[in-house]
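K.L.:
Pasting in a structure now, in structure tokens, and then I'll have a few things to ask.
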Amino acid sequence: VDMESQRCPLLEVKKNIELKTPLVKGPSQLPLSRSRLKRGPNQMEDALEPAKKRTRGVGAATKINMSRSRVPPLTTVPQTQSHTAVQKVPKKTAPRCSTAITAVLKNQKPVPAVPAQKPGPTAVPPIAGVKKPSKRPAWDLKGQLCDLNAELKRCREKTQTLDQENQQLREQLKEAQQQAKDLGTERSTLEGELARVRTQAEQGQQQLGNLSARVLELEERLGTQEGLVQVLQKEQLELQEERSGLTTRLEEQERRLQASEAALSSSQAKVASLQQETATQAALLAERGDRLHGLEMERRRLHNQLQELKGNIRVFCRVRPVLEGESTPSPGFLLFPPGPGGPTDPPTRLSLARSDDRRATLSGAPAPTTRHHFSFDRVFPPGSRQDEVFEEISMLVQSALDGYPVCIFAYGQTGSGKTFTMEGGPGGDPQLEGLIPRALRHLFSVAQELNGQGWTYSFVASYVEIYNETVRDLLATGTRKGPGGECEIRRAGPGSEELTITNARYVPVSCEKEVETLLHLASQNRAVARTAQNERSSRSHSVFQLQISGEHAARGLQCIAPLNLVDLAGSERLDPGLALGPGERDRLRETQAINSSLSTLGLVIMALSNKESYVPYRNSKLTYLLQNSLGGSAKMLMFVNISPLEENVSESLNSLRFASK
């Protein structure tokens, strides 16, 4: 780019202004009309005054007010010059010269204006070679006409010259007007630039004030930051010390890391070896799992075969101990001969002595004693503990978990220990727990062990009583208690062999605490009454049912079986010779209903033992409810409980005979 083209336009304007020649007004040579030629010099000057005023007006129009920028006014060019070129001021200004405008205008010195010359009287120059004619006489009209024609010719020539000068002046005027227009545009541009510069100056002043305040603020912050820097420098020193310590620790950690990496490499090799061993072990484990499953199924088969060899229907006899305040029986009243294998074997026989008062002599000699002998699958003397009793039936409980229905009865007269055998003693003593809590604990424990083999078990409990051939829910609460809570035994569905009890609660259980809560609620709801044998005698059959459902999802196996633990009502008979009062009639009806259901139970068990085609399940609500747990592959066990007292020998004999049958 040419450096000459980048010069500030303002400097060029200044140069043009300084070099311009002021315009000077010369004498006017405009043509005059014929009427004005005859006037005198003064009259001619007066006639040319309007033209002079017009010329001054044009000169004034070409002037530019440069008072603020100190630019000298322009003047007209003398008429003697044939042509004067008017230099035009450039319209555009370079942006980078805006800041120099003010300085240039201030340094510009004013140029003194040349005063315009007033035009004098128009003098007619003498025509060369023409002599001034003498005054013609008045009568020489032809001469005067010739003079006038010559004068007219000179005036026309002068008029033509003046027209040419006028044309030149018009062109100069047009150029001056164009120059004035350009200078006005330049002036407007410079004024806008000046306003913008002033605005920028004001903004600069405002920014300067803001920056001054900002500087003060920053100085204050600087003081604060310097204090903070000092604190940070102290912290930096501390951090440097800490860094040195950390560097030392890092080096130590790196050494340990290298050692760990070496150990890791060794461990990875070991892991690879262990993974290979794990794969081998997994295959072996799968093989052993299959083998274990086969062994489990074989165990179930052999266990069931063992129970069948022992008998699907078994009878145990248990003699309760003599309680405090009761008379001790005479020696030899109850004898327990040793088992078949000798004294170390559990007893299986029982001998009971009874004196026949009807055969007494008149001389008063003692009546002869008759001894009755009974044999069962197992006999528990009075000193037997609860855990010994449960150990004998734990195999049956295991059969229920294997998928076989199991039913355990407690039979005997009132006060012989049936409820103690089934539910346990009062006070929550673990040593006195009965068959129901021990059986549930055993089931939960074995189910947890089988869970490792892929079996999952669920347990649902219900507890009902049968009173006067009416089924009641012992787990009922609130409005479901009382006579309105009677239940009915129904089929689970059309064509289904499963029985269910309407209006009865079926409670899922998973721990011993839940079972204890159910037993406590059932003991409060059971029907009891005062009898001659016991202050609080159970007058109904209580049936605790536990529905066991097992599933092996991986192998698609399922097993469902009920476990029934039944505490039968007292089996004592009512003496027909006693006078019956209003309260005893209710006891009589209860006893008749109890004896009828117990008799039906005996008939059902005999029919099953003899493999008869017809089994009278429907003769009693008890046998009808338990029919799916009595026949087929079901396992049944009856506990016959007897009293050790001689005064109860008649009822004890009846219970033993029923159990033997």
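Cβ coordinates are placed from backbone N, Cα and C, and glycine is handled just like the others.
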K.L.:
If TrEMBL is the reference, give me the range from 111-136, 293-318, 371-396, 527-552 marked as region 'Disordered'.
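P.N.:
Going through 111-136, 293-318, 371-396, 527-552 one by one, TrEMBL flags 111-136 as region 'Disordered'.
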K.L.:
With TrEMBL as the source, identify the stretch among 330-349, 410-429 annotated region 'Disordered'.
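P.N.:
My reading of TrEMBL: the region 'Disordered' range is 330-349.
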K.L.:
Sequence-remote contacts (6 or more beyond its ends) of the compositional bias 'Pro residues' (337-346), Cβ cut-off under 8 Å?
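P.N.:
Same-chain contacts beyond the flanks: 378-379.
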K.L.:
If you average pLDDT over the domain 'Kinesin motor' (312-661), what do you get?
P.N.:
84
K.L.:
Within 10 Å of the Cβ of Gln413 (ATP binding site), how many other Cβ atoms are there?
P.N.:
24
K.L.:
Including all protein chains displayed, how many Cβ atoms other than that of Thr414 (ATP binding site) lie within 10 Å of its Cβ?
P.N.:
22
K.L.:
Taking the binding-site residues one at a time (Ser416, Thr419), which has its Cβ surrounded by the most other Cβ atoms within 10 Å?
P.N.:
Ser416
